[in-house]
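What TrEMBL says about this protein:
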DOMAIN    21-397  domain 'K+ potassium transporter integral membrane'
TRANSMEM  30-55  transmembrane segment
TRANSMEM  75-92  transmembrane segment
TRANSMEM  99-120  transmembrane segment
TRANSMEM  145-165  transmembrane segment
TRANSMEM  177-197  transmembrane segment
TRANSMEM  222-247  transmembrane segment
TRANSMEM  268-290  transmembrane segment
TRANSMEM  302-322  transmembrane segment
TRANSMEM  329-352  transmembrane segment
TRANSMEM  358-375  transmembrane segment
DOMAIN    410-654  domain 'K+ potassium transporter C-terminal'
Amino acid sequence: MDNGTVPVNRKNVGLGLKNLLEKHRVLQRVLLVLALIGTCMVIGDGVLTPAISVFSAVSGLELSMSKEQHRYVEVPVACVILIFLFALQHYGTHRVGSLFAPVVLTWLLCISAIGVYNIFHWNPHVYEALSPYYMFKFLKKTQKGGWMSLGGILLCITGSEAMYADLGHFSQLSIKIAFTFLVYPSLILAYMGQAAYLSRHHSLESDYRIGFYVSVPVKLRWPVLAIAILQAVVGSQAVITGTFSIIKQCSAMGCFPKVKIIHTSSKMHGQIYIPEINWSLMLLCLAITVGFRDTKRMGNAAGLAVITVMLVTTCLMSLAIVLCWHKNILLAVCFIVFFGSIEALYFSASLIKFLEGAWVPIALSLIFLIAMYVWHYGTLKKYEFDVHNKVPINWLLSLGPSLGIVRVKGIGLIHTELVSGIPAIFSHFVTNLPAFHQVVIFLCIKSVQVPHVRPEERFLVGRVGPKEYRLYRCIARYGYHDIHKDDIEFERDLICSIAEFIRSDASEYGLGFGSFEEDTKMTVVGTSASNLEGSIRMTEDDDQVDSQMEGPSELMEVKSSPEKVRKRVRFVVPDSPQIDLDAREELLELMEAKEAGMAFILSHSYVRAKSGSSWLKKVVINYGYDFLRRNSRGPSYALSIPHASTLEVGMIYHV
């Protein structure tokens, strides 16, 4: 046993599989493409689910008009509802979230009651269909025809693939309880009721109105229609929010271009809104609705997207069983064989309907897959260029404390992707303009592959060179579920963390992160909220701050944005014997630099394929990646940096 928990042989199998993936780049690319395919299908589901949900809901109008009339009514009504649905997204679900539960509960009770009525009224023996015996009997009797029909019944399980796309709204336990004790029984009763009705109405086989609404009693059709439309809006909202969430996670991990992410709720961190994605989804939904005008073809398209997501999830879950949970590899094999065989059966049946609508999710996912892979490839090559062209620390040391340039008052904050070394943008800047700020901070914001990073582990702070250089490196780490708002609060936490680092030696923390460079050591420093018990204290006032202070000397004062009424934040250095004279002098110099102002230095990169590259690489970098870069959000927006304090330095990257 290892640490008394994981058997050694199980851990060795996991390590062996992990080493195999790390050694072979081809396997890494295959794994990346597999994950991206599943992600793209979820995005495609975000297009198809609202379209088919709303269109199916309004299809009940056909019962009150002729076949010719309903074709010209359903599509406009569905389009109006879709436009209304996407237009309300920027308000956030928290404003109308209180209505979701009553709507869903009413809908589930409604279809349950209708199902029970149809069961007792038309065929009480339909419950026998729950036995798997009839499933095997059906497939054995129909053979190829029964297998092909599997692709048309995937709508019975659509939506389940999006339940766990965003756990910011509900926990796993709440979803399991609701599905097991409420959703699943209601769906079983509803489908059994429809089966009971159809078993007594074989003559309607050629009727264009065959479907859910035909089995609803005539007096209840209009109320059910209204509830169905509301339920379609709620169900579509869940998938749209899940699409926003998965795109946010992909963007944080460098697999999707930078987009504008708006947090619509200050209490629910998982509720986000992405304008570019929202309007793109709306246009695609309208195109699907107008283009198909048929729930059958929409169902074939949505079915393929759903089963593809499930199949990819099963494959990745089998790897997680071995790599993350350190379970027996036999368990992973049994898992993928059992679930994978069932999903492969449905997947193959869905592919047969390629020309009947199933081509749509394939086309959509292919477009998103190319865009995401090109962005990931270009971002990776750009980072490799930064690593290979970073300036050695010896170059910096040879310049002396003044760096061979004029040091002006203020703080220069250089945003870089590097966690070690001097970025080329700094040498490029000081070579062409031999002047820089008295305090320089190399800021690296990293999205790590965990959901959340605790505030006390947020910042890694270290020096670049000797103390006299006044050069610092700060790595801010965020999980892909964390909220990153680079406003005055982030600036305050950054300065406070550097001040706390100056005050204390790295050995006091006992949390050394290791040396990225020979003379650079990073130390874990939490946000200001976790450092209040140390020697750096923070106070807030809504009124004017008195210029005279008793006891502690002032470290710095930060004024908030105009929206926050006259709130001021003070950092003070108490008269403590633990702070020596050199540290106090350095802290006061940091205060002086902060009061003089902070400038943000960003790299405006132009990425080009180097000479001698293949024609495919030139197309991908010079045209594909460049197009995505020009049409995505820049670093200045992603970091919420005021334009008046931003300076972009242009550089050409030959990758």
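Note that the numbers count up from 1, one per residue, in the order the chain is shown.
In case you wondered, yes, glycine gets a Cβ from its N, Cα and C as well.
Note that the structure is a prediction, hence the values are computed from the model and not measured.
The stretch from 75-92, 99-120, 177-197, 268-290, 302-322 that makes the most Cβ contacts under 8 Å with the transmembrane segment (358-375) is 302-322. With pairs at least 6 apart in sequence, the transmembrane segment (30-55) and the transmembrane segment (302-322) have 3 or more Cβ pairs within the 8 Å limit; the two touch. Between the transmembrane segment (75-92) and the transmembrane segment (268-290), the number of CB pairs under 8 angstroms, six or more residues apart, is three or more, so the stretches are in contact. As a quick check, the transmembrane segment (99-120) and the transmembrane segment (268-290) miss the bar of 3 or more Cβ pairs under 8 A, pairs 6 or more apart, so the two do not touch. Mean per-residue pLDDT, taken over the domain 'K+ potassium transporter C-terminal' (410-654), amounts to 72.
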